[in-house]
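Copied from TrEMBL, the annotated features are:
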COMPBIAS  26-38  compositional bias 'Basic and acidic residues'
COMPBIAS  46-55  compositional bias 'Basic and acidic residues'
DOMAIN    73-488  domain 'Major facilitator superfamily (MFS) profile'
REGION    24-61  region 'Disordered'
REGION    256-275  region 'Disordered'
REGION    520-542  region 'Disordered'
TRANSMEM  72-96  transmembrane segment
TRANSMEM  112-132  transmembrane segment
TRANSMEM  139-158  transmembrane segment
TRANSMEM  164-184  transmembrane segment
TRANSMEM  196-216  transmembrane segment
TRANSMEM  228-247  transmembrane segment
TRANSMEM  306-329  transmembrane segment
TRANSMEM  341-361  transmembrane segment
TRANSMEM  373-396  transmembrane segment
TRANSMEM  402-421  transmembrane segment
TRANSMEM  433-456  transmembrane segment
TRANSMEM  462-487  transmembrane segment
Amino acid sequence: MTQRNGISGTSDRFLHSEASVVCEDADGKSMEQERPPEVNDCESEEGGRGGEREGSVAVTGPVTAPDGGWGWVVLVATIMVLALTLAFPSCVGIFYTDLQNEFHASNSETSWVPSIMTSVLHAGGPFCSVLVGRLGCRATVMLGGVLSGLGMAASSFTQSIGELYITAGVITGLGFCFSFQPAVTILGHYFVRRRAFANAMSSTGTALGLCTLPVLGHYLHGEFGWRGSFLILGAVLLNCCVCGAVMRPLQPNRGRGQPLMNHGPSPPEEEDAKEGKGWVGRTWSFLVASLSEHMAFDQFCNNSRYCVYAIGITWMMLGFVVPLVYLVPYATANNMEQGRAAMLLSILGVVNIVVRPPFGIIFNMPWFKGRHVYVFASALLVNGLSNSICCIGPSFTVLLTYVAVYGLSMSVVGSLMFTVLMDIVEMSRFPSALGLLAIMESITLLIGPPLAGVLVDRTGQYYHVFFACSAVVASSAVFLMVSFWWLDKRDKKWSKPCQPASQPEPARSAINIVPGCQYSSVPTEGDKDKASSNGAECIASV
């Protein structure tokens, strides 16, 4: 059974990939004009605003995703941004004991620092979407670099654990959000055919951060203490500004066809209606429009696959990042040198760097098209079960085995997380879908480490944390497997009577839902091969 999602007038700032335009001819019959997957009919971020300054109609046109060229520079910049943002909260464990001694805080109180940082990183998604719509991806990434750098620099002057919550948690976390999400979004616009490979390669940034930041943090800790380390790390985070500077938006190919969207002044009737609402009505309308644009509630209610995926990922995040926060404290509490404990995180990063590029090439093969979510869930199950290895003992050999297994499974999870999301929602709705998913994740990311800290304070043992994380992550993997298997079985059952091979026209008639032009997903080569075996071509794969 196919599902279609319209595009609101305000969401056209984002580049639409794999799109086709459905219009009506002079006789009122629907026509479908297909374009190659790498051609997107939309306005670019800078091109659209430039058109508004030049005239009443935005400059629009087909935008070609290069799938290479300057896209490789954007890919490298995205890798660096992910290394400096997503991996950073896990490295706070290096300074865990110092923060406890400095502020006389318990495990639960200290764990709020990386917890708030990670939670705000995800919860700021809607604000980030607004900034991307106003400023574009490039300026938003640079703004995030400035915020995160200032937040860490201010953290070095804090005098209480509460001040650290605000500086390192809220300000730095919000800067991470403003850098991370636009980088992922613009990468999806630069790559269409090689999107799975590009996402897998960009996810190596997290591994690169896990490999280098613990070593750098350990060195700075020994030389300058935790305050000097935070100040220097703040300067390092300013490199996000350099990465954002190279993320130039795609420019439309001018001179082909008429503009698809008119951004000129509203008709007089609409202006009169707005004035009649009053400031309360206008404020309410603005809030509703903003929520609809930047948080994909329509996807959550109408797209069952996105709903299941969002619930599964939200539950997964309750225990997915907690082992990274408590691995170093667990090792040092059992008389392991801090240098060797920090080396475990570096080894974890090396494993990810080595295996993610080959996984990206493998998962880009046609056979994996439509099976990404099952590979993702299987790796997630292995990742959850691997946490129980830590409970065998705190020796370096056992923890090294744990890091190897955890790193391999984490590589698959990280490589496919955004790819699966792009498979189940249209690219035009990806920023808002990512924003809502980030909001949901932030809740469990916020409470996960503090709950683990309470568990350690009450039991006095760290291995209970790894047991709990194993159960949470493994259960989320089973939920995703069973749910998507049931959805696939249901869709196959419903699609057989709805799309007979001998009557393709009724399936086409479902396209013309509203008058005018609409966008819909166009299946890639792997989808078309699959559809041809069933005797019908699918219009949308969600």
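Positions of Cβ are set from backbone N, Cα and C atoms, glycine also.
Model, not experiment: these values are computed from the prediction.
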Legend entry - Maximum Cβ pairs under 8 Å to the transmembrane segment (341-361) - stretch from the list 72-96, 112-132, 228-247, 373-396, 433-456: 72-96
Inset, instruction - Would you mind listing the long-range same-chain contacts of the transmembrane segment (72-96), meaning Cβ under 8 Å and 6+ residues beyond its ends? - result: 110, 113-114, 117-118, 121, 141, 144, 148, 168, 173, 176, 179-180, 183-184, 186-187, 190-191, 198, 201-210, 212-214, 217-218, 221, 226, 229-230, 233, 236-237, 239-240, 243-244, 246-247, 321, 324-329, 338, 342, 345, 349
Legend entry - Non-local residues, at least 6 beyond the ends, that sit with Cβ under 8 Å of the transmembrane segment (306-329): 89-90, 92-94, 96-97, 107, 111, 114, 118, 210, 214, 296, 299-300, 338, 341-342, 344-345, 348, 373, 377, 380, 383-384, 387, 390, 399, 403, 406, 417, 420-421, 424-425, 433, 436-437, 440-441, 443-445, 447-449, 452, 456, 462, 465-466, 468-473, 475-477, 479-480, 483-484, 487, 542
Legend entry - Proximity verdict for the transmembrane segment (462-487) and the transmembrane segment (402-421), three or more C-beta pairs under 8 Å: no
Legend entry - Beyond the flanks of the transmembrane segment (433-456) by at least 6 residues, Cβ under 8 Å: 106-112, 114-116, 118-126, 128-129, 177, 181, 184-185, 294-297, 299-300, 306, 309-311, 313-315, 317-319, 321-322, 325-326, 418, 421, 425, 462, 464-465, 468-469
Inset, instruction - With the transmembrane segment (373-396) as the reference, find which of 112-132, 164-184, 196-216, 228-247, 402-421 contributes the most Cβ pairs under 8 Å. - result: 402-421
